Amino acid sequence: MASVSALTEELESVASELHAIDIQIQELTERRQELLQRKSVLTGKIKQYLEDSSAEASSDLDTSPAAWNKEDFPWFGKVKDVLQNVFKLQKFRPLQLETINVTMARKDIFLVMPTGGGKSLCYQLPALCSDGFTLVICPLISLMEDQLMVLKQLGISATMLNASSSKEHVKWVHAEMVNKNSQLKLIYVTPEKIAKSKMFMSRLEKAYEAGRLTGAAVDEVHCCSQWGHDFRPDYKALGILKRQFPNASLMGLTATATNHVLKDVQKILCVGKCLTFTASFNRPNLFYEVRQKPSSAEDFTEDIVKLINGRYKGQSGIIYCFSQKDSEQITISLQKLGIHAGTYHANMEPEDKTKVHTQWSANELQVVVATVAFGMGIDKPDVRFVIHHSMSKSMENYYQESGRAGRDDSRADCILYYGFGDIFRISSMVVMENVGQQKLYEMVSYCQNVSKCRRVLIAQHFDEVWNADACNKMCDNCCKDVSFEKKNVTQHCRDLIKILKQAEGLNEKLTPLKLIDAWMGKGAAKLRVAGVVAPALPREDLERIVAHALLQQYLKEDYSFTAYATISYLKVGPRACLLSNEAHAVTMQVKKSAQSSVRGALSEARQVEQVDSKGEEQSSGNSQKSKSRLQPSGSKNAGAKKRKLDDA
């Protein structure tokens with residue numbers, strides 16, 4: 001009869017195998033769920049495309065851009081005359097003529113066009129070719145000021161109404177709205193004016209009845225949708241325009257809306273049949289680059305000053321910052337070093353914002369250091385650089401902000417400084433937003449990627465297929481003349497989980513910085529875990545691993561709300577249980593270390609091949625010393641050369 005100890009040993013073996021099977025089942029279940037979700041998305045898209053195709057086939061409304069790219073419409077002569085003699089342009093950009101023709105035909109349209117593609121002309125030119133005026137809804141005062149400044153230079157009669165408009169000005173605009181002899185062609189308002197001013201709506205009704213309101217243009221139309229990156233509640237009230245003024249054409253414009261957002265916007269604006277024209281997201285003249293953010297403020301400022309005084313000497317640019325405080329401090333630092341810089345943020349007085357905007361537009365200031373308030377609609381053509389002092393809170397925001405560079409179609413640079421701490425600063429700010437954290441993590445994933453073409457990453461986000469070869473080496477990743485490999489970081493992730501579990505047992509919460517300190521053997525001794533050896537890697541590499549573990553859900557954020565701040569802590573994530581399975585692997589793609597010679601590189605390649613084929617450790621004098629280094633994925637070689645996990 002078997003001894004109790006033997007039975008116990010077998011029982012433990014069975015229990016261990018069952019546990020491994022449970023983990024595999026969980027992994028398969030998670031994968032199944034991912035595939036089901038993807039299946040649902042694809043099925044929905046196919047259904048939507050079929051419905052759209054059916055609707056197009058049964059409708060007399062020709063929805064293809066090619067059908068509107070014609071010069072035989074009765075209004076074309078006037079359109080061409082205004083283009084050349086008023087706007088001083090000789091030809092249209094892609095989709096401009098098509099959109100203008102649709103608007104002149106009094107059809108509703110949504111236009112998705114990249115920043116700098118010339119969206120404004122699509123409603124400004126038809127306004128000049130029509131009787132009456134066009135109402136333009138914009139989310140920001142700076143946007144309206146910029147548009148009006150350009151229109152004034154062109155001799156076009158346009159104005160705006162906002163909270164700071166004088167009574168005399170409001171009275172004059174209201175009178176012009178119903179005056180049949182008025183030359184006023186464009187009236188800019190914020191969405192709040194539509195949502196909250198009964199007097200203005202009353203005047204709009206009278207203008208519509210008199211045949212004076214010919215159309216409305218909703219700029220940054222993605223703001224209508226709570227699924228958009230910049231949702232604004234007052235935009236939801238804009239559905240009143242189509243209900244009250246059904247015969248006035250409506251145009252929605254955006255640079256960043258996905259198909260899902262556009263469908264939502266269409267419902268919110270009460271638009272039935274409409275055309276949707278989408279231009280390619282690609283701006284071929286923009287160079288995209290992600291840089292590691294220097295750890296000290298002094299080094300960071302010095303890095304930016306070298307760029308401005310070197311590569312961008314005498315050239316115009318924008319620096320985007322996370323907070324108003326950052327923008328003010330950086331402006332002061334730049335000014336002390338002789339850079340002509342000005343601050344721009346939402347809490348400045350209107351006249352101060354206008355002054356900075358005007359000085360920058362006239363090249364009296366070289367750089368505007370701004371928050372997102374210096375945003376939508378900024379239309380200076382010769383911006384040669386846009387630097388992000390911190391990453392944006394979403395890919396949509398980044399695409400729009402970086403797109404303010406190079407609107408003259410000459411080369412311009414979009415440089416983003418990526419810092420680990422910024423993830424959690426921004427996360428604490430967007431935690432209350434509907435999909436704020438999800439969108440932030442998409443941005444972090446973009447920054448973490450060291451190998452894939454930046455344009456491919458942007459295209460994937462906006463539901464567009466892009467061939468990396470067409471980038472023409474206009475991004476940092478496509479310019480790299482290096483090879484990449486997958487590094488196994490599974491043990492590092494296991495160590496992080498051990499540290500977090502011990503802290504939880506001690507009723508301690510760990511911020512991301514405290515977690516890394518504990519991992520490196522620094523900070524409070526009680527937070528260190530026996531058996532967890534401090535990795536022999538630079539701190540920025542450890543930060544990348546933590547960020548990767550967060551994106552892959554081995555870690556998760558937890559928030560604590562105080563009277564003065566929202567604090568982000570890290571906890572064990574939903575996928576951490578998978579790490580207890582020895583077969584489970586977590587990998588990161590990193591740049592291969594430079595080899596001293598081709599011979600050395602070939603030798604190392606042969607070593608890796610031997611490890612992969614034999615599946616056993618190779619002898620090495622450095623075996624013990626390099627255990628904490630990242631190993632190539634799938635390799636058990638503990639004696640591989642020490643390598644630094646390289647960022648771009």
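Glycine residues also receive a Cβ, built from the backbone N, Cα and C atoms like all the rest.
Worth saying up front: this structure is predicted, and the values here are computed from it rather than measured.
Within 10 Å of the Cβ of GLY116 (ATP binding site) there are 22 other Cβ atoms, across all protein chains. As annotated by Swiss-Prot, ATP binding site applies to MET113, PRO114, THR115, GLY116, GLY117, GLY118, LYS119, SER120.
Other Cβ atoms within 10 Å of the Cβ of CYS453 (Zn(2+) binding site), summed over all protein chains shown, number 22. The Zn(2+) binding site annotation in Swiss-Prot covers CYS453, CYS471, CYS475, CYS478.
Summarising the annotation, Swiss-Prot assigns compositional bias 'Basic and acidic residues' to 606-617.
According to Swiss-Prot, the feature compositional bias 'Polar residues' maps to 618-636.
Residues annotated as domain 'Helicase ATP-binding' in Swiss-Prot, with sequence analysis given as evidence: 100-275.
What Swiss-Prot records for 299-451 is domain 'Helicase C-terminal', and it gives sequence analysis as the kind of evidence.
Per Swiss-Prot, the feature N6-acetyllysine maps to LYS514 (among others). Within its own chain, LYS514 (N6-acetyllysine) has GLY523, LEU527 as residues 6 or more apart in sequence whose C-beta sits under 8 angstroms from its own. Secondary structure from DSSP puts LYS514 (N6-acetyllysine) in a helix.
The annotation N6-acetyllysine is assigned in Swiss-Prot to LYS522 (among others). The Cβ of LYS522 (N6-acetyllysine) lies under 8 Å from the Cβ of no residue that is in the same chain and 6 or more residues away along the sequence.
Taken from Swiss-Prot, the feature phosphoserine applies to SER597 (among others).
The phosphoserine annotation in Swiss-Prot covers SER633 (among others).
Annotated region 'Disordered' per Swiss-Prot: 601-648, in sequence order.
Regional average pLDDT for the motif 'DEVH box' (219-222) in the model is 86. Marked as motif 'DEVH box' by Swiss-Prot: 219-222.
Surrounding the centroid of the Cβ atoms of MET113, PRO114, THR115, GLY116, GLY117, GLY118, LYS119, SER120, where the record places ATP, the chain contributes additional residues within 8 Å, namely ARG93, ALA255, ALA279, GLY403. Separation of the C-alpha atoms of THR115 (ATP binding site) and CYS471 (Zn(2+) binding site): 18 Å, rounded to the nearest whole number. Each of the binding-site residues PRO114, GLY117, GLY118 was scored by how many other Cβ atoms lie within 10 Å of its Cβ, and the smallest score goes to GLY118. CYS475 (Zn(2+) binding site) carries a strand DSSP state (E or B). For CYS453 (Zn(2+) binding site), the nearest neighbour among the listed binding-site residues (MET113, PRO114, GLY117, GLY118), judged by C-alpha distance, is PRO114. Per DSSP, the secondary structure of the motif 'DEVH box' (219-222) breaks down as 2 helix, 1 strand, 1 coil.
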